[in-house]
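Scroll down for the structure; my scribbles are underneath it.
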Amino acid sequence: MSSYIDFSQPSLWISTASILFNPTFWNIAAQQEYHNKILTKLAGGNARFGCYGLAVTIFSLGIFRDYLYNEALVAQPTHPALLSPLVKYSAIPLFLTGNTLVLSSMWALGVTGTYLGDYFGILMDAPVTSFPFNVSEAPMYHGSTLSFLATALWYGKPAGLFLTAIVASAYSVARRWEDPFTGMIYAKRDEERKRGKKGI
Ligand SMILES: *[C@@H]1O[C@H](CO)[C@@H](O)[C@H](O)[C@H]1NC(C)=O
């Protein structure tokens with residue numbers, strides 16, 4: 001195993017830490033917003049601006065995480081089995097698919113829909129079911145994971161596959177946390193809508 005992945009490289013662990021940090025950070029920030037309106041207060045009482053601030057922060061953390069991932073891969077050995085043209089060029093459709101899923105879901109959801117607007121009380125009228133949500137339950141997470149996988153294969157680095165597995169696990173934990181919570185937010189809204197209708 002040690003000839004496949006150089007676990008003595010600090011950059012490997014720095015990349016791991018940033019992969020785990022990002023979803024942890026945005027979930028804590030979103031929970032704090034939901035319960036204490038912290039980001040809305042920081043934005044002078046404007047929930048939309050608070051959400052934009054979180055969006056810029058999460059987006060920047062994502063860019064930094066991608067940079068640390070690439071830095072980590074540079075310091076890692078390649079493996080001959082991963083250097084075959086078949087493996088290398090399979091990275092291209094994977095990367096294109098991954099980016100299509102990420103960009104099209106951002107396009108479908110908009111800024112506040114993508115970046116946890118529900119926690120700010122900025123709810124969507126109805127769940128988005130159009131592409132890419134008709135091909136993936138979590139296109140943002142699946143697309144992002146595919147891009148990590150594609151990069152690992154393109155450079156032929158087993159360490160990239162290791163880090164991709166950490167990305168997939170981090171997103172899986174995040175979804176187990178986020179999906180029931182946003183479900184609860186929308187269930188509450190639907191309950192209030194029903195009550196509103198009865199009041200009329
Ligand atoms: C998803 O929707 C797109 C258009 O919005 C359509 O072209 C595609 O065939 C759909 N895919 C599935 C699996 O339903």
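The first residue you see is number 1, and the count goes up from there.
Yeah, the Cβs are placed from backbone N, Cα and C, and that goes for glycine too.
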Legend entry - membrane_side_equal(S3, I185) from TrEMBL: no
Legend entry - Tertiary contacts of the transmembrane segment (49-69) (same chain, 6+ residues out, Cβ under 8 Å): 11, 14-15, 18-19, 21-22, 25-26, 29-30, 33, 39-43, 111-112, 114-117, 120, 122, 148, 151, 160, 163
Inset, instruction - Please compare the binding-site residues L96, T97 by how many other CB atoms fall within 10 Å of each one's CB, and tell me which has the fewest. - result: L96
Inset, instruction - Mind telling me which of the binding-site residues E178, D179 has the densest Cβ neighbourhood, counting other Cβ atoms within 10 Å? - result: E178
